[in-house]
């Protein structure tokens, strides 16, 4: 099954100012953290989703949220660019990956079980719906560019998940 996924209109996100269609199914899933404030309620996570979108559009000059999806410790997935639009989350991987970012900083702690389950459920959902190849390759953001994302503790967890390749 799929986790609860709030569409951009459901969480009150801004419309993108541009969009590039992405060929699916994609080969890669890239895991991130926002390095911002964590959230455990839908209302707090909506606030964080809007904050990330504003930062990506206003400060970075991007045409939308960089990630395909954002996940909160409320166990809900928040649509960013979604399944079929090229993201802006991982250089050289954007056009062939789904980028999933968890709200918060996970250098010294893991996301809670609700968030971890939602991320794994979202990946399974993408496979079952034909957006992600069944033989996908899972990577942490640090595996594709110089960064400490998705945080040391979370990265060590992601490394133990099926289909992970550094």
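Here the Cβ of each residue, glycine as well, is placed from N, Cα and C on the backbone.
Annotated features, as they stand in TrEMBL:
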- 2-125: disulfide bond (DISULFID)
- 3-145: domain 'Peptidoglycan recognition protein family' (DOMAIN)
- 14-151: domain 'N-acetylmuramoyl-L-alanine amidase' (DOMAIN)
- 39-45: disulfide bond (DISULFID)
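Annotated features, which come from TrEMBL, shown on the structure.
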residue: 2; record: disulfide bond; Cβ neighbours (10 Å): 13
residue: 39; record: disulfide bond; Cβ neighbours (10 Å): 24
residue: 45; record: disulfide bond; Cβ neighbours (10 Å): 26
residue: 125; record: disulfide bond; Cβ neighbours (10 Å): 19
Structural state census, the domain 'N-acetylmuramoyl-L-alanine amidase' (14-151) (DSSP three-state)
40 helix, 31 strand, 67 coil
